[in-house]
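What TrEMBL records for this protein:
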type     : residues : note
DOMAIN   : 1-75     : domain 'Cation-transporting P-type ATPase N-terminal'
TRANSMEM : 51-73    : transmembrane segment
TRANSMEM : 79-95    : transmembrane segment
TRANSMEM : 243-263  : transmembrane segment
TRANSMEM : 269-295  : transmembrane segment
TRANSMEM : 662-685  : transmembrane segment
TRANSMEM : 730-755  : transmembrane segment
TRANSMEM : 832-852  : transmembrane segment
TRANSMEM : 868-889  : transmembrane segment
Amino acid sequence: MYYQKSSEDTLLNLNVQASNGLTQDEAKKRLEENGPNTLVEKQRKTILQMFLAQLKDTMIYILFAAAAISVILHEITDAVIILSIVVINAVIGVVQESKAEAALEALKNLSSPTAMIRRNGKVMEISASELVAGDIVILEAGRIIPADLRLLQSVNLKVEESALTGESVPVDKDANFIAAGEMGIGDRINMAYSSTSVAYGRGEGVVVYTGMDTEIGKIASMLNESVEELTPLQKRLNDLGKLLGIVAIVIVAAMFGMALLQGRDIIEMLITAIALAVAAIPEGLTAVVTIVLALGVQRMVKVNTIVRKLPAVETLGAVSVVCSDKTGTLTQNKMTVTKIYLDNQTKDVTELSFDKNTVFVKGFVLCNDASTANNERIGDPTELALLDMGKLVNVTREGLEQTNPRINEQSFDSARKLMTTVHKEDSKVMSYTKGAMDILLGRCSKIYLNGEVTEITDQHKEDINTAASEMARGALRVLALGYKEDDDTANEENLTFVGLIGMIDPPRPEAKDSVRVLEQAGITTIMITGDHKDTALAIAKDLGIAENENQCITGSDLNELTQEQLNDRVRDLRVFARVSPEHKVMIVKAFKYNGSIVSMTGDGVNDAPSLKAADIGVAMGITGTDVAKGAADMVLTDDNFATIEKAVAEGRGIYHNIKKTVLFLLSSNFGEVISMFSAIAAGLASPLQSIHILWINLITDSLPGLALGVDPKDTDIMKAKPRDPNESLFAHGGLIFTVYNGFMIAALTLGAFLWSPIIHLNAEGMAVTLENIKWMLGQTLIVNGADYSIIEHAQTYAFTTLGVSQLFHAIGMRNYDKSLFKMKMFDNKSMIAAFIIGLALQIAVTEIPILTEVFETSQLSLKEWGNLILISMVPLLSHEIIVAGKNLFGKTA
Ligand code: ATP
């Protein structure tokens, strides 16, 4: 057991040296021998299971019932067709589901953990799956431990092991510990286990087990947690499906009653009832929406956003408050020191001199974890800027450390806002502390002025504060330095103040535009930062986030407030300065309390709770820790604020498209039900057969439905206010719109159905009465020596009109506020393709002989086609009239 061995023995055992790590060749060999460092995938659903899952749906049950009744009635063709359409639909569903799953899986891999390791004597970042036993892994706060490690080094290392032990308090680790006997996982403090995370400090370890051999690999059950998540919209659509199922049953029952009253043939009525039930159910809806969502997620990747949780796509469109970190997201995180303050004087950084300002330069360069060795810039931009400052006076960290080796430290953390390193300097011990000015100054009891150390006075403090404020108001980020002699404990009290530096971090040029676009879209941008109030406000003003100091609050002010008090005040606040990650949860709660839908960015370990508390947690792809990414709903691959704006616009577009698709598909169902119900109520035959309806619902309607789902987002999408997340799909006139279109399509279908009998009544010189139409529908004439069934003809007219009018309807649906002539037709090539294919398919089922037999349709003449297409254009005409009306009265829906 490695926890009972010394680190030297472990390394010997694994045949590796800590300073060099494995060679690439050796690592490759071990990877081939032992396989990748991955946990065996959770049991995937088999194709059969996926297929059966597609059939578990109220709508499908009703179709099965319809098929069964058809069999009883010896309508075998009907039954076969219904079943084949169900099967085809399920197959398409399976194909789409596996594609969507593969796409989402690929996205997850994009944000999967990496590991920082040492191989061939060089530090490198590799995918965690490529780790092998013997690899030397470097650990820092926020990293997920990628394999089981025997620790070799631990500096204040704390590991959060709840994934493994359930214990949520981070455990202190100690690389030097050697267990005398057996002990439980939680007590093996010289080990770090796969899937746990570094909460604090840093360390190094050697990989002892990978993949399924790790402790977490042994707990197989934990891997089978199901992560299938339906979005709120999908849940609502499922409910709608169920509701429509019930409606279908009620309609069928009502029809039956009516048929009995009318004294109709029961069997014929049963067949019609089945058709009606089929008409009431939007069979293609769920599949179309799933596909549109999956395509949407892929579209988000193009704007540098990885969606980790599907519901986020929808929630994004409803976001009303965007809380963003300042450094790196709103600003470029390209820091450069421009000003220095020491010996009671603010100077340009170019005036720095190592000989005169030795303590100042040494402190800032030594109390630093960044590195610029071999021309590689590794580390935090704030610290890199300090190394750059050192270079101005020909000082490097590596050079200084040769004579001033580090013997102790307290790493930086954003709650404490300080960092300390202790160095041996000849026979002396020097401890340097750098950090936020206001905090560091509070820890100083002395001051270093022109080479002399004196007690720090209030006057000194006032001078320092004035200098710092001046820098901060110029949007500089201020950092202070203090030191302490002869104390190797890295204690941060009783320091001697040395000086300040001010560094610029220019705002991202695109952030300003994004703030403005979001404002137009009714979304408030909030800046959250660990930085000083004045620096934060200066940058917030520049970006258009805040105008005055009253919109600013600091972490220490927040400490004085209760959650309720903040709830009341939060609406007026725009900048939260000097806050700790813990405050972020309070901020999210306050905005949520006021009814906002909040997105919150984060990168550190302590950001995880606020990312989870927000409606949309957004992690940084570049600077973000694994822990933050794991807790987030969405990851920005470029850490850029402007990406949030683009993602919100995409989210809005996707929701808008889904809404259009659903309303479009439902208006067709509604049209089918109304036309059939009214024909039957009038005592006529049904204008459509079940197979016609299934064909339209599943095939001809689905194509334009999908095309609507991938419509490019409207240019005005960011001019509207955010959507209320609880708002129904039928809000803002959606219901009236669906009903209106349903009635229109019903009227057209019915009109087309009656056309044929009326023409023939006229030809016979008979009066057009309901009785005569009924009679005529039952006739079979002989035309050109062939049977000419009136009902077949009438149904073909109705079927064609229904199918083609939906194709025209879809074109107008793309934008219900814009005329066709103002829409850019070629922006949505899928719609053009859907129209052409839909029309071709509709022609095929009435013109290709085998299909006409199956669909019981009759072939049409060119003139008939022309007429039917003209009738079918009415929905588009109606669209144009409504839009013209809206423009005239200046009303937008
Ligand atoms: P944001 O929260 O906008 O990302 P931030 O980088 O200022 O910005 P933190 O990283 O939490 O937020 O830093 C908080 C404060 O701690 C900084 O304003 C700075 O004064 C100080 N600080 C930042 N980095 C270091 C560091 N490496 N060493 C010492 N002090 C630091």
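Numbering starts at 1 and runs along the chain as displayed.
Glycine residues also receive a Cβ, built from the backbone N, Cα and C atoms like all the rest.
With helix defined as DSSP H, G or I and strand as E or B, the domain 'Cation-transporting P-type ATPase N-terminal' (1-75) counts 45 helix, 1 strand, 29 coil.
Contact check: the transmembrane segment (662-685) against the transmembrane segment (51-73) gives fewer than three Cβ pairs closer than 8 Å, residues 6 or more apart, which falls short of the contact criterion. When the stretches 51-73, 243-263, 269-295, 730-755 are ranked by Cβ pairs under 8 Å to the transmembrane segment (79-95), first place goes to 51-73. With a cut-off of 8 Å between Cβ atoms, the residues of this chain six or more beyond the transmembrane segment (730-755) that come close are 659, 663, 666-675, 678-679, 687-688, 724, 773, 794-795, 797-798, 800-802, 805-806, 809, 816, 868, 871-872, 874-875, 878, 893. Long-range contacts of the transmembrane segment (832-852) within the same chain, counting only residues at least 6 positions beyond its ends with a Cβ under 8 Å from a Cβ of the stretch, are 695, 699-700, 703-704, 706-707, 796, 799-800, 803-804, 806-807, 810-811, 825-826, 858-860, 865.
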